């Protein structure tokens, strides 16, 4: 039986508290009025000296997205109008603390959900190597419930106009309204607040419900050793995978793609999945290596680590494949309504992040994890894993930020605070859920294969 | 790898109480025996179809592309449909031999040899179309970046059609090498058994002096693993590049970012269906029921379900985003209300039925494990996937941006003749293969005999199986 060490508990609680301060700081320092924005921009200019940072760049993300978006926003004058510009900058600046928490919020929740997907795949595939890792995977899925509740609260707050995260929530499909947006004429059937919230609840219920079913069934199997429960686990896993595929498709459209609501990509959900799936496998590997280093997983040998590292390697490449497919096709065709999405990312202010994450998510993993001897060295896998996690955090950052904070992004106290808060919460919840049951699973028909597994 | 222990609940994948020698005898039987009458009948039919296709190709090249049903607007139709269809068929072979090797799936060993052969023969057919659909096939070599007297006139590397040249040729060569490497121990086995001098000569030539030493085996396995690791991204990228032919364009319905993974999933889907079609016949006529068992068929059906599911979700994504864009041009693309009710409604519904609906019957275990039903459904999938490519190409081209260029397509007998010809050529090759090549990778099957043979499993399970015995 594993118990969360007091050091780990203190550490995670410390992260949460520090993170809370950072988040609070972000909300307190966010500008309240247009005057604050002007002052902020002037002081930024002073400190940056010659680099005229904000004002001169009319090509921020939203402006690129569409001129209509601007022209018909709160102030109905033209695009170049100064008042409307400051208004716009204000809403972006006010979005910053919200964006800062949304990114790690979605990052850790989807990691947890994808860990459940990985677990379900292992069960559905009758994998012989992984049963000794089942408990670790179950532990990582422990964050699903609390993570889901947090995100639902966040989305409800957004729906009540607490922030400008989802710009379409402020638009109308009525041509006579001041906030009319032509895009909403065709998208309102999908992008409307009640239906959006109902869908969000449905996604979350699917994940929580299946986690509950699969884990409860696994516990019954361990207690009784009855093959009936083993077969049921298989069934639940398969049904979950089907349900997940469908729910994830629309979840990614809703929670991420609708931030840049003028833009669309058919591949988007698959891309989000690849990003979060590789992160989930990485987290499973990191937790396994941590617990094994403490001597708590005696059945886990280097071959298991090797297999996990292979998955990290393979899905890093898979992520890159989808990243490239989505980017290259829109870059190649260069159709304006699609290219606007990649403009701030490829040649705008997000370029270092956009390119940097490809190096972190592809170049490093492929070089580090190519050698099969290296994949058996725990610290090496940890090193690669941290790079992968940083890279995919940036991936979510680049998905969300351009549509919410525009070119005024920075990585400061609000972002670090939010990241620490959610990391602390994730660690605390995951390890507490690991402490609830023994780490060794019993009476699984494949457990012996897994214990003697050698590659 | 996993040693010889296997969980008792795993089903045997070699039945019939085989010994090593039995495996050898079963594999060489078609090679050492004589072809029967039905083989000759099948071969003749395939040959006639092939020759008919050759005639149609010669007629096309001699007269011009105008003998096909293409028109100004729909300038790709059966040619590229068949090209993508055949490339797609080929993908299952690499998936079975490479991806399933990486995933340590032992059941692949009964089917990988024939699946790889199918890949290679299918890629042959696919490779014909990029050549014969050219208006000036004799200038085809200009697609290669070779120094030349025209001021070193070079190719433009921006075109996905050029990427196709590299993708298909690389794919064919790597698959061929991968396949042939695996054949070495099996050819050597036939060589060692051969009694006729001619046969001995041929099989010694093709087995490259394989003697099966420990060092050879060690390197053999390493090479297989490396090639599997290379073939996996290759198989993904090849059909991705094929999908780029469409997705890089600005034609409504073609320009879609989901094409790369969706084409790959569709390729595996249709490829597995073709493997089913072929192997269900082969296991019967070549008496290989003990190696291609119900477990193999069921597992392949599961792969068909998974990839079919991915394809269906990609349809959903396409359909959804089509509405979501609000673009009026998306109303007539191949997955739209316009297509469902337009002049190509029959092609649209064939696609939906054969790809998205009929394979769902595999959720039912009774159907999934039934050879006849599997055979029937696999044929439907092959038809459906042909329609998928036809719909993507023809429906999208038939109603583009300008209504003044809306048009219809109908194939001529030459279009059809060439397709029939490739089917014939494919079966000519496959039938010859089935009589001269070891259709089961005997060396690999022997390596799992003691862990997955039913007799060995029975022996091992008996002492402890008192409780589990039904």
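Any Cβ shown, glycine's included, is placed from N, Cα and C.
Of the listed segments A:41-79, A:80-118, TrEMBL assigns region 'Disordered' to A:41-79. Check TrEMBL against the ranges A:176-195, A:196-215 and you find transmembrane segment recorded for A:196-215.
Counting C-beta pairs under 8 angstroms (sequence separation of 6 or more), the transmembrane segment (A:236-256) fails to reach the transmembrane segment (A:12-30), with fewer than 3 such pairs. Panel annotation: around the transmembrane segment (A:101-121), residues 23, 127, 134, 137-138, 140-144, 147-148, 150-151, 154, 165, 207, 210-211, 214, 236-238, 240-241, 244, 255-256, 272-273, 276-277, 279-281, 283-284, 392-393, 396-397, 400-401, 404, 414-415, 418-419, 421-423, 425-426, 430 of the same chain, lying at least six beyond its termini, place a Cβ under 8 Å from a Cβ of the stretch. Away from its own ends, the transmembrane segment (A:416-435) comes close to residues 1-4, 8-9, 11-16, 18-26, 97, 100-101, 103-105, 107-108, 111-112, 135-136, 138-143, 146-147, 287, 291, 393 of its chain (Cβ-Cβ under 8 Å, at least six residues beyond either end). At the 8 Å Cβ cutoff, the transmembrane segment (A:377-396) and the transmembrane segment (A:311-333) share at least 3 close pairs (sequence separation 6 or more) and count as touching.
With a cut-off of 8 Å on Cβ pairs spaced 6 or more residues apart, the transmembrane segment (A:196-215) and the transmembrane segment (A:268-291) reach fewer than 3 such pairs and are scored as not touching.
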